[in-house]
Every structure is written in structure tokens, then in C-alpha cells.
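Enquirer: Quick one: the structure is below, and I'll ask about it shortly.
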Amino acid sequence: MSAAAVDPVSATPMTGSKEMNLEEPKKMTREDWRKKKELEEQRKLGNAPAEVDEEGKDINPHIPQYISSVPWYIDPSKRPTLKHQRPQPEKQKQFSSSGEWYKRGVKENSITTKYRKGACENCGAMTHKRKDCFERPRRVGAKFTGTNIAPDEHIQPQLMFDYDGKRDRWNGYNPEEHMKIVEEYAKVDLAKRTLKAQKLQEELASGKLVEQANSPKHQWGEEEPNSQMEKDHNSEDEDEDKYADDIDMPGQNFDSKRRITVRNLRIREDIAKYLRNLDPNSAYYDPKTRAMRENPYANAGKNPDEVSYAGDNFVRYTGDTISMAQTQLFAWEAYDKGSEVHLQADPTKLELLYKSFKVKKEDFKEQQKESILEKYGGQEHLDAPPAELLLAQTEDYVEYSRHGTVIKGQERAVACSKYEEDVKINNHTHIWGSYWKEGRWGYKCCHSFFKYSYCTGEAGKESVNSEECIINDATGEEPVKKPQTLMELHQEKLKEEKKKKKKKKKHRKSSSDSDDDEERKQEKLKKALNAEEARLLHVKEIMQVDERKRPYNSIYETREPTEEEMEAYRMKRQRPDDPMASFLGQ
């Protein structure tokens, strides 16, 4: 009995040790402890390779032991690792991506025609049950009728964003929505242009523009300021001023004086500092403070006074910087000569001392100047006017006209252009740009459109004209017409109106033929109604037959229905939502 009682007790720890397969911690000897400490010191100094965890990453030897040691409940094998200090993947929250957003404008189309298992017994939708249905309870549910099944509601996704995702103001933005605003502004501009064109047409029809164009004062540019046309325009401008506030929209300014739409946009053509010189060895740009102290054009050989930006060092020489530097220099010189003053310790004392020094210095210069003039003379030379005023006036007589042209006297010098002028190359007798045709510039001497081509003279003109004639004959194109004057356009418009009046007279004669067309349409509609009734009867018979015994529609005719057939279909169609549907069926 005693042996039997001891065996199971002694067997229990043995089986437990086999299952755990763990070795008991052994006590380290003094030699092992010393070797371990030496190895740690070598790793800290970099003479020995660092420990590597199970993922192949190096473990920093400077990490304390209480951080790097693995607890027994995480890894009983006690392998070197820092996995227990890192965030565990199973505890990390899963956030939605930045591109996900709620769907808008989802169309709910009733596509299903058969009741589905698990759907709502009342309406037939799959997204809810009968007790959660918002539709009016039917007398006979969709489960038993199988008709008029409601569409499935669109369930929005449950989005969970992180800190940045919740504050992303552009998440879910659709750029196509902005096109609606663009179209609205385009319609407003089009309406304004049509109003302006209509007013011009009215003035043209009344003959005001023609009289103004043919008047001799208009040809010589001597128009009276208080003319009738200007009065009319001023009155129209006053009327437009009344409604300018109604026409004004955000982003626009309706200028009634000039009759144009002015965009309230600020044109900024400034260049970023780091884009002025793309050479990486040029001036250093600090992105944190957005400062570039040195001149970016220093290596380009440009004069700092000619460039628009020469670095931020100019700030050091603006404001009170120069005066403060002069005060500091005065403090150092005064301290060397025995005066105990300091810019930071005694700023008020130093400022008063420096002001008195400047006053005494100016008085000393004046006394020195007066003593020299008394001794040597020459005061009359100092009283002369400044050099800027010596050549400011002239006695040359010049007479101008009211247009600004010189009538008599010396003509003013023409402002020089920044481009090269009167440069004739490659044997040309005219400059580049002296000839223009069909949107292209060229040389007038040879009609050549290539800038660096050699001059061919009259032979080049003849060759260009012959090529144009050959191209026109081959393509059958007519030569470009000359632009018409306003008078010619007005005459063409009157001719078109006469043609329209003649067409209206012909249309009245053909009104008698329209009665016959109505009778034919009525006959076609009657035939289409009879055909539609026959089709509905055929469909009713087929629906009463079992679904598996219905015939195939393999030889069904597919063609576009006529207008009479569509009208008959609309007249015979039954609408279940119509309250008069039961009476119409009778």
C-alpha cells in the first residue's frame, strides 16, 4: 500500500517536467559573471558585435537590463529580444485609409422581381426585418405576393479614422462638384455678352453707329465730349449702376463703366527662394526658418543691385542695426580712452554721451570750416546751386499739338527698345517681323517665314505665291475673304430677314396639307392601340402558364418602336400607384 501511494506522487513532477521542457536556473560562477560583464563592456565600446534578436535586428548594448530582460510569462526561453517593449500588433487599432469615404447619391433601383429568403416579409428588402420596416404595413406582404418588392437600402460603411484622418478637410472631396460653379459663372458671362451684343445690334439697326463712323469729326479724332452717343451710354451706365449689386457675385466685380467682368484675383509672380538658383552648391536655404542669408546669384556673376532678390542679409543693415553698431563702436573706443560705459549695462548713459559727442563733433567741424574760410576765402564758391539744378531748364522752344506731336522745335528722343533694332542678317533688306500673314511673321523682302534663312528676293515671293495657288487648287479651298464692314454685315442681315418672311408665306400654303397628316397619324395610332391590346392579352396568357412550360423568345423581332407604338404603350400601361388604376381596368 505504501509503495503504491508513493508512485503516483513521484510520477507527477516527472511528467510535468517533460511537458514544460524547461531547465532550472543554474547559479552562475564568479568566472561566468566576470566573462559576461567583460562581454557587455566590449559591446558597449564597439569591439564586439551586438546581440541579435529573433528578427535579425541588433540590440543596443546601452539599454538597461531591466528593459532588455524578457519576462518569464512572455518568453520562457529567455532569448535576447526587445519584442516585449514594442507595440503588439494584436492590440493595434485598424484605421480606415484616407481614400475611403461615405458614398453619396447612391441610386436605389428596384431590380429584384422575386422574393428572397431572409428578406423583410412586408416590403421584400434584404437589409432589415419586418419589425424594423419603415414602410406602411401591407395587407398582404411581399413574401406572399412577390410583387412590388422594395429596393435594398444602401448601408454606409463604418469608417474609423486616426488623428490625421479626422482632421483631413479634403477627405471625400469630389473635384467634379466644382465644375457646377464653373458652369454657373460661364452662364453669367454668356448672359452679359448676349446683352451687350443685343445692344450693339439695336444701335446698328437704328443707324447710330453708321452715322458716327461716317462723321468727319470721328475720322479726324475730334469728337465732341458731350455728343448724343456718349450721353446715351452715360444714361445706360447709370441704369447699370442700379443693378450692379445684384449682378455682383463672389469672385467677380461688375464694372459698369467699362462693361467688363473683372476677376478679383491677385496675380502673384514671386518666386520661392529655393527656386532662384537650382545649383546645390549655391546659397543655403533653411527650410525651418525659411531663410536664405546669402545671395543665390553670387556664382552667376550678376550685380546684386540688378537682381530682385539678393539674400536675407540685407536685414542686418536695415532699421536701427547700423545706429546700434555705431553706438557699440563708440562704447569700445570710449572704454579704451578711460570712460567706463557699456552698451548692455548702461544703455541710457551711453546714449546721452554719444549724442553729446556728435554735437561737439559737428560744432568742431563748423568752427574749423569757418576758420579756413576766414583765412583763405572762397565763400562764393560754396553758395552755388546744386549740380542737379544746373541743367534742369532749357531755352529751346518746342511747340506741341493737342495730340502730342511736335509741330515746331526739336522733337523728343524716342525711347530705346531693349531688343536689337535694324539688324539685317543673311543678305536681307528688311528686318525680321516686317511681313505678317496668316498668323506668322517673316521678311518683307522675300516673304520667308524662317528667321535665319537667306534672302531670295523677288524669286522667293513668286515661289511662295505659286505654292499657295497649287495648294488651293489641290484642296479646293477658296481664298480667304476680306473682313466685312459693319455696313455690309447689316445689309446681309436684312437679306436674311427677307428670306425668312418668304419661307413663312410658303409655310401658310402648306397648312392645308397638315390636316391630311393628322388623319394619317390618328389611323396609325388606332392600329398601334389594337396591336398593344393584342400584345397584353398574349402576355396575360403566357403568365398564366407554368414557368417551365412557357415558349422561348428566340425568334423575337428586335427593332426600334415607332412614335405611335410608344404612345399606345403609355396609354395602355397600368400604374399600381395610381388611385384610379382599378377604374381604368374596367
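Each Cβ is built from the backbone N, Cα and C atoms, and glycine gets one as well.
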Enquirer: Going by Swiss-Prot alone, which of SER96, SER235, SER256 is annotated as phosphoserine?
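Expert: Of the listed residues, Swiss-Prot records phosphoserine for SER235.
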Enquirer: Quick check on the annotations: Swiss-Prot lists zinc finger for one of 118-135, 190-207, 298-315, 406-423. Which range is it?
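Expert: Checked against Swiss-Prot: zinc finger maps to 118-135.
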Enquirer: What is the pLDDT of the zinc finger (118-135) when averaged and given as a whole number?
Expert: 93
Enquirer: For the recorded sites LYS349, LYS408, which one has the sparsest Cβ surroundings, going by other Cβ atoms within 10 Å?
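Expert: Among the recorded sites LYS349, LYS408, the sparsest Cβ neighbourhood within 10 Å belongs to LYS408.
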